[in-house]
Amino acid sequence: MARLFRESRRDSSSHSSSSNGFLQPAAAAAVSSTSSPALPSPFPDLGVQLSAADLREAAYEVLVAASRTTGGKPLTYIPQGAASGAGAGAPPSPASSASSASSASLQRSLTSAAASKMKKALGLRSSASTKGVGSPGSGGKAAGPPRRPATVGELLRVQMRVSEPADARIRRGLLRIAASQLGRRAESMVLPLEFLQQFKASDFPDPQEYEAWRTRNLKLLEAGLLLHPLVPLNKSDSSAQRLRQIIRGAYDRPLETGRNSESLQSLRTSVMSLAGRSHDGTSDGCHWADGFPLNLHLYQMLVEACFDNDEGTVVDEIDEVMELLKKTWVILGINEMLHNLCFTWALFNHFVMSGQVDIELLSAAENQLAEVAKDAKTTKDPNYCKVLSSTLSSIMGWTEKRLLAYHETFNTSNIESMQGIVSIGVSAARVLVEDISHEYRRRRKEETDVARTRVETYIRSSLRTAFALRMEEADSKRSSRNPTPVLSILAKDIGDLALKEKNLYSPILKTWHPLASGVAVATLHSCYGNELKQFVAGLTELTPDTVQVLKSADKLEKDLVNIAVEDSVDSDDGGKSLIREMPPYEAENAIANLVKVWIKERVDRLKGWVDRNLKQETWNPGANRENFAPSSVEMLRVIGETLDAFFELPIPMHPTLLPDLTAGLDRSLQLYVSKAKSGCGTRNSFMPQLPPLTRCEVGSKLLFKKKEKPQNLQVRASQNGTANGNDPLGLAQLCVRLNSLQYIRGELENLEKKIKTCLRNVESAQADITDGVDIKFELCQAACQEGIQQICETTAYKVTFYDLGHVLWDTLYVGDTAANRVGVLLRELDPVLETISGTVHNKVRNRAITALMKATFDGFLLVLLAGGPLRAFTRQDSQIIEDDFRALRDLYLADGDGLPEELVDKASSQVKNVLPLFRADSESLIERFKRMMVESNRSASKNRLPLPPTTGHWSPNEPNTVLRVLCYRSDETATRFLKKTYNLPKKI
């Protein structure tokens with residue numbers, strides 16, 4: 001067996017210049033300064049960290065193994081030194097002659113410069129005539145380019161950047177495998193597994209290279225058998241689970257390779273179990289590299305060997321190289337269709353990498369794409385369709401990036417490449433739409449012309465981009481020395497652009513779109529028309545510049561229409577469809593547009609005024625007698641002046657344009673109201689977070705040291721809250737905000753009356769001009785209503801839960817219930833009510849006080865039901881609580897001078913309904929709780945009760961409410977029940 005392979009001699013210089021068996025890129029290929037970077041791969045990501053070098057080496061191993069086992073005789077490796085000697089005319093040794101005779105593929109001589117059939121088919125010229133001295137066959141007598149490989153095998157090794165030592169190691173490993181497994185073909189082996197079995201650390205020049213090699217093979221197994229297997233895995237597959245554990249373990253504790261260890265045997269068992277699976281259940285080989293998309297990534301590395309490392313062109317030996325590549329198909333699961341697709345991508349990618357100057361590569365890619373188009377019509381394989389779509393989308397994306405702005409991409413120096421780029425882009429689009437798109441198949445009867453549609457898109461996009469550039473240039477040309485209006489300069493430039501389009505680009509694009517010139521000038525007509533409309537809309541008076549612009553526009557329009565008519569003479573409709581795209585340039589709506597611009601400017605100015613003034617507004621209650629914000633008064637004054645100015649405009653269409661103005665003013669008022677209430681927060685901003693449920697410690701004194709902070713409810717402090725009188729969220733300031741919104745709401749009716757009066761007084765007014773006119777500031781009206789409600793609630797909950805939080809949470813009923821009653825809270829509420837009564841407008845005063853009342857009742861109830869472990873109540877305390885509740889109600893009734901009793905009763909009904917629970921004995925409460933839990937939970941029983949959720953809707957018929965009463969009940973029965981049922985703690 002030793003004669004089957006001749007190992008190459010170790011070359012210390014090449015060995016030291018390699019990394020993981022690959023030549024360094026700088027040494028492997030000289031990159032031209034005019035080249036472009038490669039495009040991203042269109043194939044799906046592998047999900048495992050395998051570098052391009054890792055995939056390339058794995059692909060080379062597959063290639064060598066496949067080539068070794070496909071011929072009738074074994075192949076012998078000829079080291080570079082021996083090949084050089086043969087190339088120099090030295091007589092071959094007997095062994096060399098014997099090996100050459102037995103080599104059917106890898107060792108085929110490359111001294112022949114015969115023309116490649118494949119190159120001819122692709123439209124590529126042979127590069128043999130361009131080779132300098134020193135190429136194979138020249139004898140190497142003169143100095144010249146680096147020596148070319150003498151065999152296909154060596155060519156592939158060089159092309160794939162594999163060093164001689166790495167190549168020798170691969171072949172040595174295959175020799176060992178062949179010796180131990182006679183007659184076994186490469187497709188029946190899992191190469192990464194076999195190599196792990198054959199090599200150990202001493203086979204590598206340094207530990208780093210060995211570790212990288214071992215890691216690569218493990219990741220290949222992971223990618224091929226676990227992440228992308230040919231046959232999908234079952235979740236319960238024990239072999240997959242075992243292999244995954246082995247690989248993960250090998251990353252943490254390196255796997256010992258090169259011997260028949262227990263760990264390697266375990267690895268082999270799992271690998272072979274997974275690799276032996278097939279779709280039909282027959283074990284016809286090992287499937288480790290033919291799963292999608294791993295097989296494509298590996299095969300793409302082999303396809304890259306078809307391109308010269310130095311020049312990027314297809315190698316002259318492409319026929320022999322392709323012959324070898326096909327031998328890997330059985331291992332990689334590649335077929336003719338996948339090969340055609342991969343090779344198409346490679347040709348196109350190398351054209352891009354050439355800096356788009358190698359037109360032959362582009363032409364070859366187009367020819368190969370024609371084969372892909374044929375393949376696409378014959379299969380609906382989901383994996384093929386997926387990679388076909390991804391690949392063609394990448395090609396189409398690259399081409400469209402250039403074609404959507406072809407005026408910037410192509411000029412007279414590179415126009416030659418435009419034909420090919422359009423062709424391949426359109427071809428890719430056609431396959432994507434006609435052979436992949438389900439939408440197209442459903443609508444096929446409509447006879448969609450994909451090529452024409454795409455080219456029309458290119459034309460319109462590119463012309464719009466070119467127009468924008470010419471417009472910038474025209475603007476820069478205008479100066480004191482050249483006072484020509486910008487639109488006149490632009491009209492001349494667009495005329496020149498249309499001629500360039502007609503003479504340079506349209507002849508190419510007509511291949512796919514017969515009306516290419518017509519579409520181009522219609523697009524330019526539209527672009528210029530848009531600018532002209534803006535110009536006319538901005539006119540205030542007729543000036544010489546205006547006349548010049550209109551004359552230039554008229555001349556341009558005639559030129560563009562002539563080109564469109566000339567281009568569409570032979571079309572079915574005689575160019576009518578194009579002419580319809582080119583409506584005449586006119587300024588019939590100039591006045592209306594002028595007024596609309598005026599309205600927009602005024603409204604925008606008003607919105608800017610709102611932003612600036614509200615940033616400076618302090619909401620000081622002493623700013624005026626009515627306690628309105630000065631900004632609200634000023635806002636309505638500016639709106640009144642705007643209305644006056646509008647009705648003074650010398651136009652005949654006030655009624656027609658009035659809705660535009662009132663809508664803008666309505667939005668401005670809405671903006672003011674929105675900003676006035678913004679930053680105040682909502683009731684939820686000040687609602688406390690409920691503490692965890694606890695049970696009472698019966699018999700202990702619920703006291704705490706003075707220096708200890710009570711562990712009660714956590715109150716959400718306001719971000720803007722301060723203690724001084726300038727606090728924008730202070731009570732007085734919130735009252736001013738409330739008044740301001742009420743003032744605006746009240747003035748809306750006056751504004752509506754003023755508008756109707758002005759309508760009657762305008763010159764164009766008719767007798768019944770205001771009949772049927774329904775002018776409503778609906779946005780502002782709704783915003784005021786919502787804002788007043790929000791500020792009332794925010795004020796109430798901020799006062800209750802933030803300003804008086806120290807009374808509510810830190811004092812009320814803390815420790816001794818009788819000693820810390822509601823009186824302190826009532827005393828603190830008195831000045832709050834006085835402030836509201838003395839500041840808030842009488843039309844919203846009761847709403848503000850009602851909101852405060854609801855908030856205090858909510859706070860009172862939260863203290864009873866969620867006040868934390870520092871509070872505990874006995875049945876006897878219920879009388880105190882009820883008396884305090886009545887005192888709280890009386891505060892808002894104020895002996896008949898306060899809120900209506902019906903309103904107070906409604907707001908306090910929730911507290912009133914819950915208070916009887918505090919009077920009930922613990923046993924009845926427990927029975928009540930159990931009954932409600934069983935009724936509301938089918939799965940619950942009296943012996944096993946789930947913890948009811950906290951809904952916040954307190955009620956004697958709600959389980960969580962009853963449970964909370966028990967949590968704060970200071971007696972043995974309650975605490976024992978809570979301990980047994982829920983194991984609630986006594987402290988937080």
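Each residue, glycine too, has its Cβ placed from N, Cα and C.
Predicted automatically and left uncurated, TrEMBL annotations should be read as such.
Record note: among 545-572, 657-684, 741-768, 741-768 is the stretch given as coiled coil by TrEMBL. Given the ranges 277-296, 937-956, the record in TrEMBL names 937-956 as region 'Disordered'. Residue counts of the domain 'MHD1' (547-690) by helix, strand and coil are 99 helix, 1 strand, 44 coil (DSSP-based). Residue counts for the domain 'MHD2' (819-929) under DSSP, helix first, then strand, then coil, are 88 helix, 1 strand, 22 coil. Mean predicted confidence for the domain 'MHD1' (547-690): the pLDDT average there is 84.
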